[in-house]
Amino acid sequence: MNIHKQEMKTCCSSKPTLPRKQDRAQHSQDLRLIQAYRERCKAESITSMLTQALTTKHTLYATLGTAEFLEFLLKNPFNVPQTITIECDDPELSVVVKAEEWRYFKDLVKVCTPMEEEMFHLQEKSSAPQLYLRPKESVYIPLKYQTFTSSSTSPPASTRLGVSQVFFRAEDGQPLAICQVNVEPTPHVVDQTFRFYHPELTFLKKAIRLPPATDSPPGAAHYQPHTHTHTRTHTHPDPGEPQDIYLKVPGSSSPQIRKFFITVFTDPWLASPAQTWQVYVHYLQRMDVVCVCGTLSWHSLILRGTQTIRKVQCYTSHPLELQVDPGGVFALPAQGLQDLRLGVRALRSGNSFRYLNVVDVDTRQLVTSWLLCINCKQPLISRAFEIQVPVGGGRGSNKKFSFTNPYPFSKGFRLYSDHPDLLQFNKEDFQIKGGESYSIGLRFAPSQSPGTEEILIFINDLEDKNEETYCVKVVYR
């Protein structure tokens, strides 16, 4: 019995041995993980501290197109010579490797530090410049930061990289020094704004004329445009001669607007823009219209609805020449089609461009736009005569001529002129019985200088179909 009890005690006492061994093993594993984490964090902390000790921080306030210049003092701390490789992680931050350019920037910012000719060596297969330093030698490294990305055409500042770094690596590849450049963008001045309207999904090809180049030191008359497509054009105009900048901008769908900047330089090293231009390109749906001068012609347009129903209204660039039906506010069904009727009465012959915009009246948002390419033909001139108008005095001149109704029945007529600023009618609408004549009163605006002007008078019926066209040659004496 005693032996059995002793065996029972032994069995009971051996049960918790296995869990305690597992706990100790788990505890040992946790300690090893903690030790490994400490060693890794220790290495990272040491690396971070060493990096901070090697890093020198600079803050630049950058403006679009303007080159910001700074010099970094680099020292070889070793007792042996070193070949230093300079690497920049930002293409907008670079080393000034040419002595002439370095001297130009030093004179520009009034820096009197020493410089050395032919200090940098450029490798054929690498863009990173190198320089040779003797033991304990110190030199100034010229750096230039220049951006052509505007904050108004780039992502928000919270998503942009505002820090650029330059690494000075020794022969073993380890950084000898780090120059950290914190970039703070500042607003820039816009000297001119250009706005172009162009058919959608086509290339815009445009020439912008620069002002004539003035007399300047040799090499200073350079023009350097920069656009969002990163194209460059170097020109060397002679003094007094104009120069054109040619743009080729890829198209977008209507009614998108593409915006970019062009910076124009006149200094040889493109340090500071002489002018900054802002360019807007509006891409619109194109519609070709052929009409006769002075005659109202109607054309059909299809307006496509958006995802939701909207209240919209049509607006034209030339209300005197363009009419839209419906002319007021109307509902544009979601994903539906709306038929628009466009009335065109061009007052001048030749080719011209007009614009039709459809706007959401609630949100003031542009829904769609049309670019109307109008080819207006000269009407048949049925009668021509000459009128003399005195010059000066501040008073106009009144004239009259008669018009006979060619129809055997009574008919209404309406008068138009291609120069409403020079000629007005006493009465624009009138009714004449069949075969009878009507005296049309004309009032010509005064002129302060002598000259000659030809004015067309369109006689239309009440449906705006042209009946006759008169040409009046006005001689101001």
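Note that the numbers count up from 1, one per residue, in the order the chain is shown.
A Cβ is built for glycine as well, from the same backbone N, Cα and C atoms used for every other residue.
Features reported for this protein in TrEMBL:
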REGION    1-26  region 'Disordered'
DOMAIN    14-53  domain 'NPHP4 SK-like'
DOMAIN    56-153  domain 'NPHP4 Ig-like'
DOMAIN    194-282  domain 'NPHP4 Ig-like'
REGION    214-243  region 'Disordered'
COMPBIAS  225-234  compositional bias 'Basic residues'
DOMAIN    294-377  domain 'NPHP4 Ig-like'
DOMAIN    382-477  domain 'NPHP4 Ig-like'
Quiz item: For the domain 'NPHP4 Ig-like' (56-153), what are the DSSP-based totals of helix, strand and coil residues?
Solution: 11 helix, 40 strand, 47 coil
Quiz item: Can you tell me how the residues of the domain 'NPHP4 Ig-like' (382-477) break down into helix, strand and coil by DSSP?
Solution: 0 helix, 59 strand, 37 coil
Quiz item: With DSSP, how much of the domain 'NPHP4 Ig-like' (294-377) is helix, how much strand and how much coil, in residues?
Solution: 0 helix, 53 strand, 31 coil
